[in-house]
Structure formats: C-alpha cells, structure tokens
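Database features, via Swiss-Prot:
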- Arg16, Glu17, Leu18, Lys19, Lys116, Arg519, Cys520, Trp565, Glu609: 5-methyltetrahydropteroyltri-L-glutamate binding site (BINDING)
- Ile435, Gly436, Ser437, Glu488, Asp603: L-homocysteine binding site (BINDING)
- Ile435, Gly436, Ser437, Glu488, Asp603: L-methionine binding site (BINDING)
- His645, Cys647, Glu669, Cys730: Zn(2+) binding site (BINDING)
- His698: active site, proton donor (ACT_SITE)
Amino acid sequence: MATTHNLGFPRIGGQRELKFALEDYWGGRQTEQELAITAADLRLRHWQQQAGLDYVPVGDFSLYDQVLDMSVTLGNLPIRAASKEGSELDAYFRAARGRGANDSPCCATAAGEMTKWFDTNYHYIVPELTADTHFELNPERLLTQLSEARKQGLNAKPVIIGPVTYLWLGKTSDASNRLDLLERLLPVYSQLLEALADAGAEWVQLDEPALVTDLDANWRYAFNLAYHQLKANRPKLLLATYFGELRDNLQLACELPVAGLHIDAISAPAEVSRVADWLPSHKVLSLGVVNGRNIWKSDLNSTLGWLEPLNEKLGQRLWLAPSCSLLHAPVDLSREQELDSDIRNWLAFAVQKLDELQILARALNEGRSSVRAELADNQLAIDSRRNSHRVTNPEVRKAVASVTPELGNRHSPYPQRIARQRERLNLPAFPTTTIGSFPQTREIRQARLQFRKGELSEQAYIEQMRAEIVRCVEAQEKLGLDVLVHGEPERNDMVEYFGEQLDGYAFTRFGWVQSYGSRCVKPPILFGDIRRPQAMTVEWIRYAQSLTDKPVKGMLTGPVTILNWSFVRDDQPRKDSCLQLALAIREEVQDLEKAGVNIIQIDEAALREGLPLRQSDWATYLEWAINSFRIAANGVDDSTQIHTHMCYSEFNDIIEAIARMDADVITIETSRSDMELLDAFRSFEYPNDIGPGVYDIHSPNIPDKEHIINLMTLAAERIPAERLWINPDCGLKTRKWEEVTPALETMVAAARELRS
C-alpha cells in the first residue's frame with residue numbers, strides 16, 4: 001500500500017499574494033497582523049490543495065527563507081539583527097534584508113549573506129556561526145503551523161532542515177570549525193523533536209541534502225553522531241535527500257537510525273534498486289518519482305513499469321513523493337488559459353504534480369485499471385510531445401553541426417585587446433558603471449501590461465520606453481558614471497525577455513517561482529530548438545547611445561544563464577540546448593557591434609549554479625558551459641570590449657575556469673561576503689579586468705563611502721589598480737530611484753577619491 005506525501009509546497013501563492021503582502025508590509029502599507037492573516041490564509045489554501053495526500057508538509061511555509069526560519073527556530077539570529085528595538089518579525093527581516101519594516105534607513109544593519117540553494121535558483125540566508133554561537137529553542141512558528149494543520153484534520157508532517165545540513169550551509173566568521181558546534185546544537189534539535197511529538201506529530205521530515213555532496217570523514221561522522229543521538233526522540237524521523245545521487249554516502253544514509261529515507265529518483269534513478277536492497281526491512285523508502293524542479297508531465301506508464309516490482313517488494317514501506325520540495329515549480333497550470341494548447345498539454349505545475357503522484361499511488365494500490373483513463377490521457381500527452389514537429393528545427397541542427405573550435409576564440413590575447421580598447425574608450429582609472437538594469441517603476445510595469453493587453457499601441461509603448469531611457473541616461477550623466485547603460489525598461493526579466501524573441505520558447509502568465517524573499521521569477525519554457533529570427537536589443541541600445549557621448553553598454557543575457565534560468569526540455573542533453581542558445585546570442589553580439597556599440601555585456605549570473613553538486617563532475621559541465629559563452633562572445637573585433645557579470649556565487653574554486661571565459665571585464669557580487677572572492681587571487685593571478693561589487697543592491701541600505709574605499713583598497717592589494725572597475729554587485733531593477741541615486745552618488749564619490 002503506497003503512501004503519498006510531499007516535501008514542500010510553493011509558498012508565494014498562485015497570484016504572488018505573499019510577495020505583495022511582504023512588500024506592502026515593508027512599505028508601511030500593511031500591519032504585522034495583516035501580514036500574518038495573509039500568511040495563514042495561504043497556508044490553509046496550500047494544505048487544501050494537498051489534502052489528497054496521506055501526509056501534508058508543515059513548516060515549509062516561510063515569510064522569507066526556510067534556512068533563516070531554521071536559524072530563528074534554533075535561536076541563531078545575528079546579534080546585530082536581534083539587539084535593536086522592535087518585534088521579532090523586525091529582527092527576522094533585518095537578518096534577511098538589513099532593515100525591519102519599522103527601521104529608518106539611517107538605522108539599517110548589514111543584511112545576512114545570501115547564496116544559492118545547492119544548484120537551484122533559490123537563494124537562502126547563510127547561517128552565521130562562530131566558536132561562541134549559542135543555540136536556544138524557539139519553536140513557536142512550527143508549533144503554530146502544526147496546530148493550524150491539525151485543526152483542519154490533516155495528517156501533518158513537520159519539515160525542518162537537519163542538524164548536519166544546517167551547519168554545512170553555515171559559515172564561520174572566526175575560522176572555527178562548524179562541526180565543533182554539533183554537540184551544542186543536538187540538544188536543541190532533541191527538544192524541538194520532543195515538542196513536535198507532544199503537539200501530535202507522528203513523523204518529522206529532516207532535510208539533509210548535504211548527503212548528495214562530497215563529504216569527508218568528519219562530516220560523515222557528524223551524521224552518525226547526530227542521528228544516533230536523535231533516535232531516542234518520539235516522532236518517527238524521515239531523512240530526506242534530494243538534488244542528486246548519494247554515491248559514496250549511500251550506505252551511510254541507509255544505515256542511519258531513522259524510520260525512513262527519501263531519495264530523489266529523478267536525479268538518481270540508478271540508486272533506487274541499491275537503496276531498496278540496502279535499506280533495513282523496518283524502514284520506509286520514500287521515492288521522489290515526480291520531478292519537483294521542472295514542469296514537464298511525468299511519463300506515468302514508464303514510471304509504473306519500474307515502480308510496480310518495488311511495490312511488490314516493499315509493500316507498506318513504499319512512500320511516493322515529488323523528487324524535492326515543489327518550491328521550485330509554479331503553483332497551478334489550470335490558470336494558464338492563454339498558453340499554446342499543445343505545449344500546455346505537455347506540462348505539470350505543483351498542483352498537477354500532486355495529481356500525478358496520486359494517480360501513481362492508485363495504480364499501485366488498486367491496479368492500473370483503476371486509473372485507466374488518466375494513464376491513457378497521460379500517454380497521449382507524452383506521445384504528442386515526443387512526436388511534435390515543433391520540437392526540432394533542421395536549420396538549427398545544421399548550424400550546430402557546423403560549429404568549429406575557432407568560433408570560441410578572439411583574434412588576439414587580452415593584453416593586445418585591452419590596449420586597443422583603452423585607446424578607443426579613454427576611460428579614467430577605476431571606471432564606474434552599473435550592472436545593467438535601473439528601477440522598474442510602476443509606470444514602466446503599467447505600460448508593459450497595457451501593451452501586452454493591446455491597450456497601448458506599439459508606437460506609444462516605444463515612445464514611453466524611450467522616455468524612460470532618456471531619464472536613465474540623463475541620471476547617469478548627472479551622477480558622473482563613466483560607462484552607461486540604457487536601464488532595460490523594456491525588459492520584464494533578463495531571461496524571459498530574450499526567450500520571448502527566440503523560436504523554441506513558450507511563456508506562461510502565472511508560472512512564478514520564488515528566487516528569494518519577495519523576489520519571484522517566471523522562467524520561460526525551452527521546449528524546442530532555438531533560433532533567433534531577428535535582432536532583439538539593437539534598436540534600444542542604438543537609441544540610448546544617440547543620447548550621449550559616453551559609451552553605452554549593450555546588455556545581453558548569456559547562454560548558460562538563459563539555460564539555467566529556464567525550464568529546459570529534458571529530451572536532449574542540456575549542453576546541446578546551451579550551444580543553440582550560444583549561436584543565437586553570438587548573432588546578437590555581432591549585430592550590436594555593427595550598430596557601433598563598443599562595449600557589450602553578456603551576463604552569466606547563473607554560471608556557477610549549473611555546477612554539478614559533485615566536484616568530480618565539474619570539469620564536464622565547465623567545458624561545455626564556458627565553450628558556449630566563448631562562442632557567444634568571441635565573434636567581435638579586438639577593440640570591442642566584452643563584459644560579463646556573475647552573481648550570488650562563490651567562485652574561488654572555479655576561478656581558473658572563469659579566467660578561461662576570457663571576458664575583457666568581469667563584474668561580480670562580493671559585497672555581502674566582504675570581498676571573500678578576492679582570497680582566490682592570493683594563489684591565482686586573474687589576467688583580465690575585474691569589477692568587484694562594492695555595495696549590496698539586494699538591501700535598501702545606502703553604502704558608506706569609506707567602506708567602498710576600503711573594499712577597493714583591499715581589492716587593489718590583489719589586482720593591479722589599472723584593472724579594477726567600480727560597480728554595484730548586481731542590477732538595480734528591484735530598487736527605488738530614491739535608493740539608487742544616493743547609493744550611486746556615494747559610489748562615484750568613492751571612485752573620484754580613489755583616483756586622487
């Protein structure tokens with residue numbers, strides 16, 4: 001009798017209700033009580049959408065981030081966030097974004113460091129640890145949500161981050177060993193599990209995705225120590241792994257003293273039979289059989305083909321779930337009435353994935369005949385996609401076949417190129433620039449919406465966007481920036497904007513997923529071969545350049561980032577789709593150069609998040625990813641300067657690979673980690689120009705001039721000053737003009753002082 005459960009559900013709401021409630025609260029337009037009501041309503045609705053499952057997750061809902069929630073539960077908020085006046089919620093948001101709803105800009109504090117959640121586009125707030133970190137249980141959030149769910153008659157399964165992964169995700173600021181804190185942490189976990197059991201929890205899910213990464217003997221010992229100590233607690237423990245294969249941690253995971261183990265059967269299909277054989281006969285095996293990270297329908301008949309023998313073997317010990325939390329999937333496909341009907345029929349969002357789960361369970365428990373119609377409909381959809389003429393393009397296939405290694409090479413090495421570029425551009429020392437986007441005001445968003453609805457003519461839309469470009473260029477000239485951008489008012493998203501102009505992409509209206517906090521993205525759907533029918537950005541950049549004598553950067557998103565921030569077809573290797581994207585971007589780069597654009601930025605913000613979780617797999621990924629970037633970037637003259645930008649990543653371990661990209665200038669996010677990236681330059685001499693981000697745009701805080709000068713002075717100890725640029729650490733799209741202007745004034749003032 002297969003049991004169904006879920007590891008987590010999207011928290012933002014089908015219409016992004018959480019996003020808007022948070023922003024209203026931060027903006028003083030909503031009270032803390034009103035925010036709490038919205039959150040409770042969303043939780044109730046999400047539980048109702050999961051009510052057909054045998055176990056429903058509790059604690060997966062968060063106002064900002066589940067890792068930050070765990071820090072709160074463990075009493076591990078940074079002192080700087082918790083020591084000021086205000087509510088617990090104010091302290092929570094200070095840790096997340098540097099400012100509570102009731103804090104003034106002058107009283108803001110440093111936001112917590114934010115980085116990518118494993119190899120996804122979700123960001124978490126890094127737990128801050130020192131040798132003196134003290135943990136203290138604060139279970140109210142979890143207990144409240146558990147009580148709410150039980151009142152609805154639901155079989156609730158609390159979800160928490162396991163103790164070893166929590167420490168693994170953290171970072172120490174004093175060179176101490178994170179694992180030294182484990183013995184101090186485990187009693188708090190024991191108290192939490194006991195409290196959840198007292199509140200009626202039969203099962204508790206402990207997420208330990210660190211088990212799918214490379215672990216040394218100390219971390220493996222930590223798992224044994226932790227779970228042998230926690231096994232005495234009353235609730236049954238379901239240890240959840242996801243995003244990859246267990247590999248050399250498989251035996252460890254199977255032998256830990258827990259009541260059940262969840263593995264990702266989508267990412268690690270070859271391990272299913274091994275785990276089933278290894279797992280002791282008293283333990284539950286939960287299989288992630290529906291892809292929680294993509295939007296394609298599952299092939300249910302194929303899945304049943306390998307599940308049915310396991311069901312015979314395991315019986316009641318078999319649980320079924322999505323591969324990971326559905327946090328990474330849009331909420332509900334049923335609202336996508338404008339989506340092409342053929343493509344819509346190929347898709348499943350979070351709600352539909354749970355339907356698939358229940359069809360599989362019924363087929364196992366009652367026989368395939370009990371879901372004959374559902375399986376037949378599913379097979380029709382699978383066959384439709386497999387046989388569709390819309391998926392392949394012979395012209396694209398021919399272009400890919402003609403690619404040669406020479407396409408990835410510039411004419412000359414960097415020293416010769418940079419000499420020509422400096423002569424052409426004539427920029428001052430420590431040149432200042434921004435990363436690309438400027439604030440997307442209400443007026444910009446409204447114009448884009450009206451244009452999409454047909455309420456605004458194309459000419460009127462172009463005129464309004466041009467007016468915004470004028471505003472942006474004039475503002476940058478007034479600020480004294482050296483290299484300008486057009487501000488990207490016409491772009492809804494740095495990936496979707498390009499996808500909308502490429503053959504092989506489809507788009508949703510409501511396919512939002514959370515990136516961090518209130519920030520949501522709507523990944524386009526890469527369903528077929530990629531072709532660029534016409535130029536995508538040239539006219540906007542040409543217009544911006546006509547307004548100023550200063551250089552204006554052409555702004556493109558790179559092939560690897562477009563790939564990693566899309567929902568990607570799963571019927572061919574990702575590297576094949578990436579190469580198709582690279583050829584399309586290469587055409588755009590060449591058109592920009594022909595239009596007289598002297599600096600072209602190709603953002604690869606998501607390069608690192610595509611890295612496999614196991615270091616032994618990195619070389620293969622980096623080879624095709626960097627090759628794709630080089631093919632996109634290197635079809636230009638030596639005097640054309642190629643920039644790239646990367647964000648929210650740690651690069652020290654791939655700095656040599658980044659150097660192989662051979663961009664003339666790279667700008668990177670370093671402000672939240674206090675230039676930690678520069679540690680890489682102790683042992684590696686980065687050969688090209690670099691702009692280490694000097695202030696954090698994800699926080700509303702205004703940077704301090706002396707802090708910027710100190711950061712750049714530190715950078716100049718590692719990199720020759722003549723190769724340093726000064727810039728924010730990311731685009732300014734999500735900020736307000738009243739935040740952007742003083743921040744950039746400070747940045748330019750710092751640059752001028754450094755020059756003097």
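Each position is counted from 1, following the chain as shown.
Placement of Cβ uses the backbone N, Cα and C atoms for every residue, glycine included.
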Subject >> Within 10 angstroms of Gly436 (L-homocysteine binding site), Cα basis - recorded positions out of Arg16, Lys116, Cys520, Cys647, His698, Cys730 >> reply: Cys730
Original post:
Cα distance, Cys730 (Zn(2+) binding site) to Lys116 (5-methyltetrahydropteroyltri-L-glutamate binding site), nearest Å?
Top reply: 15
Subject >> Cβ-Cβ distance under 8 Å to Leu18 (5-methyltetrahydropteroyltri-L-glutamate binding site), same chain, at least six residues away >> reply: Arg11, Ile12, Thr38, Ala39, Leu42, Leu63, Ser518
Subject >> From recorded positions Arg16, Glu609, His698, Cys730, the one whose Cα lies nearest Ser437 (L-homocysteine binding site) >> reply: Cys730
Subject >> Entries of Arg16, Glu488, Asp603 which, being binding-site residues, have CA atoms within 10 angstroms of Cys647 (Zn(2+) binding site) >> reply: Asp603
**OP:** Using DSSP with the three-state reduction, classify Leu18 (5-methyltetrahydropteroyltri-L-glutamate binding site) as helix, strand or coil.
**Re:** helix
Original post:
What is the biggest Cα to Cα gap, in Å, among Ile435, Gly436, Ser437, Glu488, Asp603, the residues listed as binding L-homocysteine?
Top reply: 13
Subject >> Cys730 (Zn(2+) binding site) as reference: those binding-site residues from Arg16, Glu488, Cys520, Glu609 with C-alpha within 10 Å of it >> reply: none
**OP:** Find the shortest Cα-Cα separation between Arg16 (5-methyltetrahydropteroyltri-L-glutamate binding site) and the recorded positions Glu488, Asp603, Glu669, His698, and name the residue that gives it.
**Re:** His698
Subject >> Residues flanking the L-methionine site, with Cβ no more than 8 Å from the Cβ centroid of Ile435, Gly436, Ser437, Glu488, Asp603 and excluding those residues themselves >> reply: Thr434, Val485, Met494, Met555, Gln601, His645, Gly731, Lys733
Subject >> Spatial neighbours of His698 (active site, proton donor), counting only the binding-site residues Cys520, His645, Glu669 and Cα distances within 10 Å >> reply: none
